[in-house]
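Beneath this line is the structure, given in C-alpha cells, with notes to follow.
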Amino acid sequence: MGKAESFEFQDMGKYSSDSEMSNGSKKGGCFVSTAIGFVLTLLAACLAVGVGLIVHFASPGDLECKCTYPGLTSGNGGTGAIVGGKATTITPGSALIDQCKGIVNDGNTEICSVCPNVQITSLKPTSSSPAQATTTTSSPTSSRDVRLPRNIKPDLYTVELQPNMYEGPAKDFTFNGTVKIKMICVISTPEVVLHINKLNITGSITLSAVDDSSFAYVSHSFDSVRQFIIIRGNKDLIAGHNYTIEMSFIGPLKDDLHGLYLSSYKRGNKTVYIATTQFQATDLRKTFPCFDEPAIKAKFDITLVRKSHMTALSNMPKIASVQRGDDWVADTFQTTPPVSTYLLAFIISDFNYTSAVTTNNVTYRAWARPEAVEQTRYALSVGVEVLTYFEDYFNISFPLPKQDMIAIPDFAAGAMENWGLITYRETAMLYDPKESSEGNKERVAVVVSHELAHQWFGNLVTPSWWDDLWLNEGFASFVEYMGVDHVHKDWKMFEQFVVEDLQDVFNFDGLVTSHPVYVPVTHPDEINEIFDRISYGKGASIIRMMRFFLGEGTFKRGLTRYLNGRKYDAAFHDDLWFALGNQSKDEGKDINVKAIMDTWTLQMNFPVVMLKRDHNNIVVTQKRYLRDYGAKDPGKYVSKFNYAWEIPFTFTSQSKANFNQTDQDVSWMHKNNISLLLPSISPNDWIIGNVMQYGYYRVNYEESNWNKLVQQLDDNHEKIHAINRAQIVNDAWNLAKSGDLDMRIALKTVNYLAKEREYIVWEAALGELGYVDSMLERTSLYGSFANFMRDTVEAPFNETNLADSSLPHLQSYVRSLISAQACEYGIQKCIDQSKELFKNWMSSPDNNTINPSVRSTVYCTAIRNGGVEEWDFAYQMYKISNLASEKSRLMSSLACSRETWILSRYLQYALTPEEIRKQDATNVIVHISRNPVGRSLAWDFVRANWNKLLKDFGEVLYKFARLLAGTTSSFNHPFDLMQLEEFLKAHPDMGSGTRAFQQAIEKTKSNIKWMESNFNVVEEWLKSRGY
Ligand SMILES: [Zn+2]
C-alpha cells in the first residue's frame, strides 16, 4: 500500500506456465513442536505430493506447527539456497532445518509465525506424519491458529459480482455474486476450510469431485471468530484429487472503505455512486468466500455486472461484454496469472481516462472522475516512464498486458498496488500544473513509483505471510526513490531519503514500544498495526544500507535473482538474504547477508556508535540507542542478539574529506567493538562517522570532535556534504534528548543555520526546532525563542519572494519551509504579503493567482491573522475545489484560526460527512491539535467522541494511530500524562489503537523529561545569543 495522506509532502516476467504451478516440487512440509528436551527426527519422508522437504521435529509438546516450504533446494555449503521451481534434494544443512532447530531450541512460542506457509494442526503426542495430521478447526481458538489449513489448494476461481447501487437509498445498497473454485487436495481431509466475512450464503452449496460422481456436499458450519466457513462432504477429500466448490452470496455495499465498498462524488447537487475495492490485508473474504492468505495464490476468471452507462475494470483486460436485459451488461476479464487474494481489484464507475503505451507495449490508462480526467496526465507520464525503468532495472518484464491507475474519491491509504489496477486517493494521483505545488507533484511521482515497484515486490513475489510485510513495503519505499530519481534527476531524491525516511523513522524506532521489522502477527488487528513507519521507513532504510554494502551492481543482480527464483510464488525474508548472499559469493565478495540483516530485522531499535580517539586510533563502540533509557521495555520482543548489530561502518575526516564512498570503504563492526587505525590524521581534524548516512545508526563523538564540527559549520558548512550536515543536526539533537550528549552542543549545531540553503538540512533542523517550539509554546520562554527563529529565517526569507513562480523544485521547497517560519514567527513582510495575496483572491475567487507552492503558508497566515470572513471564504473554496491537493491545503489551513469557536465548529464538521469527507476526518482533528489554540480542544474532542472514532476508524489502517499520535504529540506536563493514563484505564479495549496509545504515553513521559532537563539549558542558550 502507499503511504497515507498525512505525510503531506510525500506521504503505500512472463506469465508462469501451469506446469510450474502443478510441479510436485512445490509441496513439502516441516513439522515443528515445542519441546522439553528437543529431539530432532528427520523423517526424510516426502509424504506429501511430489518431492520436497519434510522435516519432523517430534517431541512431547503442547503445540504442533506444520510449515510447508515450497521449492527448497539443496544447501550451498551448508548455508542453504532457496530457489523456486525444480527442487529435488534437501541436505540437512539447509537453512530451513537450521532455522527450525533454532526455533525449537529457543523454546520460542512464536514458532508458527516464523515458519513460512505455516499450518497449525492438532495436538499430537509425538511422531505424527503429515498425511495423518488433521486440522482442528473447531478447537478453542488460540491467537496462533487463525491460519487456514493447507490441505486444499485452490487453482482457479470463477467469480461474478453485481453491485446494486442504482436505485433506492444508499444505506440499502448491496452486491450479490457467485463463486466457483477448482481445487486440488494436497493432504487428505474430511472438510474444506476457507474464509468468509459479513456475507450471506444464498441458495445451496455445491461440493463435487472431478473423478468421483458419488462425492457430494453434506453440511457446513461457521467459525465466526476466525472468519471461516467449514464445508464437509459425504466422504474425505483424498490427496491428489481435484474438487470443485460453488456458492452464491449477497453482502452489503457500504462506504466503509474495505472489501467491495461504495464511494461517491458530487456532480452539481447529484450524488454519483461508484463501487470499488480495497482488499489488503484481509478483506477479500468480505466480497466472496475464498482462501484469503497471501501465499495461497490462484488464477481468477472475473465477471462484473454493471448498468450500461458504467464501466467495469479489473486486474486484467476485458475480453467480452454480454447484454443481460434490463440495462445490465456483464463484462468478463482475461484469466489472471497466479495472484494473491489481496491484490485483486474490481471497480464499476462512470470515470474517463487518458492513455499511453509503454515502449515495451504495455497499455497504460489513467482514470478519474470525468471532471478531473485532465489532472491524470502527469501521473500517466511518470507511470509510463517508471514502469519501463523498473522492467529494465529488475530485468523482468511487467507480466500483465495492461496497467490501469485510478483516482478514487474515498480511499483509506495513499494508494493500493492491485496487480494491473492500482487505486489511488486523488491527492496521490491527480496533478494540475496551475494549482498543484512542487510538493504535490513529488508526492504523485513518489506514490506512482511506489505502487509500480510493488508490481514486482509484492505482486510477482509475495511475502508468505503478513509478518514479512516489510519485504513488500520496505522495498517499495526504497525503490520508489529510484523510480522518481530516474524521471527527475534534479530532485536529489537520494538526498531527500535521509530526512524523509531514515531520520523520520529514527524517531519512532528509538522507543521501547517500537517493534522489529519482522513481527509475528496473526490477528487482523495485529496485521493492520504493522502498516507503520517501521515496515515502510525502516524497511527502506535498511535496504538502502544493504545496497551500499553490497555495491549497486551486486544488489541489482541479486534482486533479479530473488525475483526470478520466487516469481508467481511466495517468499520468506531468508529467500532474499540467500539470493543476495549467493550473488555476492558468485561475484567474489561472499557477504553473509543473512547474518548481517538478521540483526537489523529480528530485533527492534538501532545502535548509536561512539567514536573516541586513542592516539592514532579511533576506538569505535556500539550500544542500543533509546530516546529514553529509563523507559520500561514492555517485554513484548526479546532481542536474540542482545541489542548488538552487524554495522557497515564508514568515516571521513577533515583533511581527507571523502563523501563519495562505496562498499570498498566499509569497515565491518561486528556485534562487538572495533578499533580502527587512523594513520596521518591530524589530531586537529574532525571526524565524521556514517558517511552519507548510509548506515541505519546514529553517531556520537567526544565533545572535542563535536566542537570541531560546529566550528566547521560556522566557518564553511559546505565542506561537509549536505546529507552529513543534516545528520550532524539530527544526531546531535536526538543524542541530547536521550542524554547521550550535552544539549548545549546540540543547540550549537543550528547556530549557523541562517547561512544554510539546502532543503534537507533545513528540513532536519526545523524538525528539531519545531519540537522545541511545541515544548515551549505554553511557557514564558516562547517569546525569546520566537525572536531567535525570526532572526534565523530572516536572511533566507529576504532572498525569496512569495510571488516568484519560476523556482526550481528544491529551491521552491526551501522557500516553502522558510516562508512558513517567517510568517509564523511574525516577520511582518511575510504576513503583509500573505494577507495581500489572500485578499486579492477573495476579491476574485475564480482567479487564484497565488503560487501553489506557498499557498499553504499564505492561506494559514491569512486565516490566523483574520476572522470569520477569511475562514468562511476558505471553507467555501474548500467545498467547491475540484482538485484534491488544493482541498487538502485548504483543509489544513482552516485549522490555523485563533478563534476558539471557529475551531470548535470545525471539529464538529469533522464528524459530519456532509461537511468533511470521512477519509479526511482524522486529519482535520490532527491539524487542529497542532495549533496551540486548538490543542486542548482537539484532545477533549477525541475523548468525548472516543467510541465513535474507534468505531469509524479503529479498523482503518494508519488512521487511528495517526489520530492518537497527532493529538498527543506535544503533551509535556505531568497533568497530560495523568489524563492519558486515566483514559487508558477507562478504555482497556483499544483494538488497533493499543500500540499507538502506549506510544503516546511513552512519548509524553519523554517530553516531560525533556522539559525537566532542557528548559533551563535552552533558556541559557537563548540568553547567550542575546534573546
Ligand atoms: Zn506499499
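Heads up, the Cβ atoms here are built off N, Cα and C, so glycines get one too.
TrEMBL: automatically predicted annotations, no manual curation.
Since we're looking at a predicted model, the values are computed, not measured.
Positions annotated as active site, proton acceptor by TrEMBL: E451. Under DSSP, E451 (active site, proton acceptor) is assigned to a helix (H, G or I) in the three-state scheme.
Per TrEMBL, compositional bias 'Low complexity' is recorded for 125-143.
Summarising the annotation, TrEMBL assigns domain 'Aminopeptidase N-like N-terminal' to 153-343.
Here TrEMBL flags 378-600 as domain 'Peptidase M1 membrane alanine aminopeptidase'.
Under the heading domain 'ERAP1-like C-terminal', TrEMBL lists 686-1005.
If you look up TrEMBL, you'll see 123-147 marked as region 'Disordered'.
Residues or ranges marked as site 'Transition state stabilizer' in TrEMBL: Y536. Here the Cβ of Y536 (site 'Transition state stabilizer') has 31 other Cβ atoms within 10 Å, regardless of which shown protein chain they belong to. In the three-state DSSP assignment, the secondary structure recorded for Y536 (site 'Transition state stabilizer') is helix.
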Between Y536 (site 'Transition state stabilizer') and E451 (active site, proton acceptor), the C-alpha gap once rounded to whole angstrom: 13
Rounded mean pLDDT for the residues that make up the domain 'Aminopeptidase N-like N-terminal' (153-343): 96
